[in-house]
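Let me begin by presenting the structure, written as structure tokens, before commenting on it.
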Amino acid sequence: MISTMIPSRGLIEEAFPGFAVSALVAATAQFLSDHYGAPAMLLALLLGLALNFLAEDGTRTAPGIAFTARTVLRLGVALLGARISAGMLAALGPGAIALVVAGVVLTILFALAASRLVGRGWRFALLTGGSVAICGASAAMAIAAVLPRYEKSERDLVFTVLSVTVLSTVAMVLYPMLAGLFGFTARDSGVFLGGTIHDVAQVVGAGFSIGPETGETATLVKLIRVSMLAPVVLCFSLAIRARGLADADGGKAPPLLPGFVIGFLALAGLNSLGLIPQGVSDFAGQVSRWALLIAIAAVGIKTSLGKMLEVGTGAIALILAETVFLAVFVTAGLHLLG
């Protein structure tokens with residue numbers, strides 16, 4: 001029995017320095033966010049990029065940073081399920097739900113089609129399209145966890161997280177003005193904001209800047225998009241296995257049903273049945289947020305800024321096009337439903 005515990009202790013000892021550094025970066029980012037208003041995810045990423053030397057081979061922190069960027073990330077995604085329940089769907093009505101679901105699916109399909117025009121592969125299309133369509137940085141990290149590894153995996157993930165976070169912040173300021181320009185009601189404004197802005201925090205900020213009804217509706221719509229994370233990640237995983245794309249590219253085939261997806265679905269199911277008390281759900285949400293913040297700090301530390309800048313204008317154009325496509329689609333859908 002003692003022998004079986006030694007590897008676990010060894011893993012903890014090996015991973016702790018890198019995890020501690022990542023947690024410190026995340027805490028610093030949260031402090032700056034609380035005092036200056038910038039998104040914590042963006043700050044954690046930028047601070048992490050400045051500490052890339054800590055992830056170099058041979059450093060004591062490198063193993064823990066790699067562990068945090070992968071395992072802690074998956075824990076954060078799994079715990080998101082505690083915030084999801086089937087009761088959310090009944091509150092919106094079938095028309096709005098159909099619009100939100102269609103927006104997610106069509107944005108991902110648009111990304112796959114548009115990526116060919118800018119010379120980007122299917123991995124990059126799924127990564128950016130899924131992050132724009134679902135829930136920004138959290139979706140990007142979840143999708144990256146099931147995509148086959150390749151030479152530019154970390155660079156593309158950091159670019160995607162950075163881009164969707166910046167675009168979310170811009171949208172938080174711009175989209176409420178567009179909702180007024182389009183003449184949307186408070187409810188429709190909430191559907192528009194929740195259905196188009198990438199990250200949850202910016203959705204909340206944009207929604208409540210208009211009013212309580214808009215803020216509550218926007219948050220609800222956003223959580224419905226978040227609830228699509230597990231099905232979308234599962235579909236990606238199944239498609240990759242079925243087509244043999246991972247083996248063809250020399251990568252490691254992802255599992256049929258990743259453990260963090262099972263965790264997400266299990267928690268969502270328990271919450272839907274009312275088996276998770278509100279206090280526990282709120283606590284799980286906070287743990288999830290911190291796990292993702294620490295993980296994105298680790299991802300930033302692992303990534304070379306110089307290599308990230310090699311991503312090119314085509315990638316920037318693609319993620320902008322995906323963002324515009326989703327906004328136009330939801331706007332058109334609201335006008336048709338209205």
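Positions of Cβ are set from backbone N, Cα and C atoms, glycine also.
What Swiss-Prot records for 36-55 (among others) is transmembrane segment, and it gives sequence analysis as the kind of evidence. Counting only same-chain residues 6+ beyond the ends of the transmembrane segment (36-55), those with a CB under 8 A from a CB of the stretch are 18, 21-22, 25-26, 28-30, 61-62, 65-66, 137, 158, 161-162, 165-166, 168-169, 199, 201-202, 292-294, 296-305, 308.
Among residues of the same chain six or more beyond the transmembrane segment (75-92), those with a C-beta under 8 A of the stretch's C-beta atoms are 100, 138, 141-142, 145, 191, 217, 220-221, 223-224, 226-227, 229-230, 259-268, 270-272, 276, 280-281, 284-285, 287-292, 295. Swiss-Prot lists 75-92 (among others) with the feature transmembrane segment, giving sequence analysis as the kind of evidence.
Listed as Cβ neighbours of the transmembrane segment (96-118) (distance under 8 Å, sequence separation of 6 or more from its ends, same chain) are residues 89, 124-126, 128-130, 132-134, 191, 194-196, 221, 224-225, 228, 232, 314-315, 317-318, 321-322, 325-326, 329-330, 333-334, 337. Under the heading transmembrane segment, Swiss-Prot lists 96-118 (among others), citing sequence analysis as support.
What Swiss-Prot lists as transmembrane segment is 125-147 (among others), and the listing cites sequence analysis.
Per Swiss-Prot, the feature transmembrane segment maps to 162-184 (among others).
Residues or ranges marked as transmembrane segment in Swiss-Prot: 223-245 (among others).
Here the transmembrane segment (255-277) has long-range neighbours at 74-75, 77-87, 142, 145-146, 227, 229-230, 233-234, 237-238, 241, 284, meaning same-chain residues at least 6 beyond its ends whose C-beta is under 8 angstroms from one of its own. What Swiss-Prot records for 255-277 (among others) is transmembrane segment.
Residues or ranges marked as transmembrane segment by Swiss-Prot: 290-309 (among others).
For 314-336 (among others), the entry in Swiss-Prot reads transmembrane segment.
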